[in-house]
Amino acid sequence: MAESKLVIGDRSFASRLIMGTGGATNLAVLEQALIASGTELTTVAIRRVDADGGTGLLDLLNRLGITPLPNTAGSRSAAEAVLTAQLAREALNTNWVKLEVIADERTLWPDAVELVRAAEQLVDDGFVVLPYTTDDPVLARRLEDTGCAAVMPLGSPIGTGLGIANPHNIEMIVAGARVPVVLDAGIGTASDAALAMELGCDAVLLASAVTRAADPPAMAAAMAAAVTAGYLARCAGRIPKRFWAQASSPAR
């Protein structure tokens, strides 16, 4: 079965694995991991990037042919997130943005009220908005209604590696979405990424699971394989769960 492409807004991607860059020990290891992942879209925190720098992260992404996706990491209000997105548009010449508005540093949980406010303003300003949100199906629908090009619910808090805490919530978001659903945050290992795709997500975004692994390039390759396997399994259709056993070969 041929694997279809991930389509977000007016762009398509062969890979359904979106990478982040936070937590990488150095650019050399990050480069190996990005290559192993096969990703075509990678987030960069605009606050940590010198757009005029010489041999930095942006140069690496450009050399690898990977599209940078600026994010508003660190923003605590809609106003702050909007300003960061506007600066990213000027610096990187892109109207794509991963929107993050965080409530506090301890949980790194999205602030729903400020997130929706920022999304509304950025969509009105012509941005292609990919919001990092909670696993609340109502909030996901609200963000979609504002005109966001995708919704990106968390599996569990950023950097925890706890996997998908509420699989049913993710399924509800998928069932009601008319835009791509990208599982964002909480991935710890390859089975988490496969589960996200089996639940119906269109893509997975992860960073720490690779950058903080003992062997980042090897884990990146594992994540790429897991995302593909989970997607193909979802498309193929799993067998129904049964209470009693059923012989695979008939007795007669």
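Any Cβ shown, glycine's included, is placed from N, Cα and C.
Look at Swiss-Prot and you will find Lys98 tagged as active site, schiff-base intermediate with DXP, backed by sequence analysis. The 1-deoxy-D-xylulose 5-phosphate binding site feature in Swiss-Prot is assigned to Gly159, Ala185, Gly186, Ala207, Ser208; the stated evidence is sequence analysis.
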Practice item. For Ala207 (1-deoxy-D-xylulose 5-phosphate binding site), name the DSSP secondary structure in the helix/strand/coil scheme. Key: coil
Practice item. Measure from the CA atom of Ala185 (1-deoxy-D-xylulose 5-phosphate binding site) to the CA atom of the residue listed as 'active site, schiff-base intermediate with DXP' and give the result in Å, rounded to a whole number. Key: 13
Check your understanding: Once the DSSP letters are reduced so that anything not helix or strand counts as coil, what is Ala185 (1-deoxy-D-xylulose 5-phosphate binding site)?
Key -> coil
Review point. Relative to the Cβ of Ser208 (1-deoxy-D-xylulose 5-phosphate binding site), which residues of the same chain, six or more apart in sequence, are found under 8 Å away?
Key: Gly20, Gly22, Gly23, Ile158, Gly159, Gly161, Ile187
Revision key, fill the gap. Least surrounded, by Cβ count within 10 Å, of the binding-site residues Gly159, Ala185, Ala207 is Gly159
Study note, to complete from the structure: One finds that other Cβ atoms within 10 Å of the Cβ of Gly186 (1-deoxy-D-xylulose 5-phosphate binding site) number exactly 24
Exercise for review: Run through the Cβ atoms and count how many others sit within 10 Å of the one on the residue listed as 'active site, schiff-base intermediate with DXP'.
Suggested key: 27
Check your understanding: Listed 1-deoxy-D-xylulose 5-phosphate-binding residues Gly159, Ala185, Gly186, Ala207, Ser208 - what's their greatest C-alpha to C-alpha distance in Å?
Key -> 9
Point to revise | Assigned element (helix, strand, coil) containing Lys98 (active site, schiff-base intermediate with DXP), judged by DSSP | key: strand
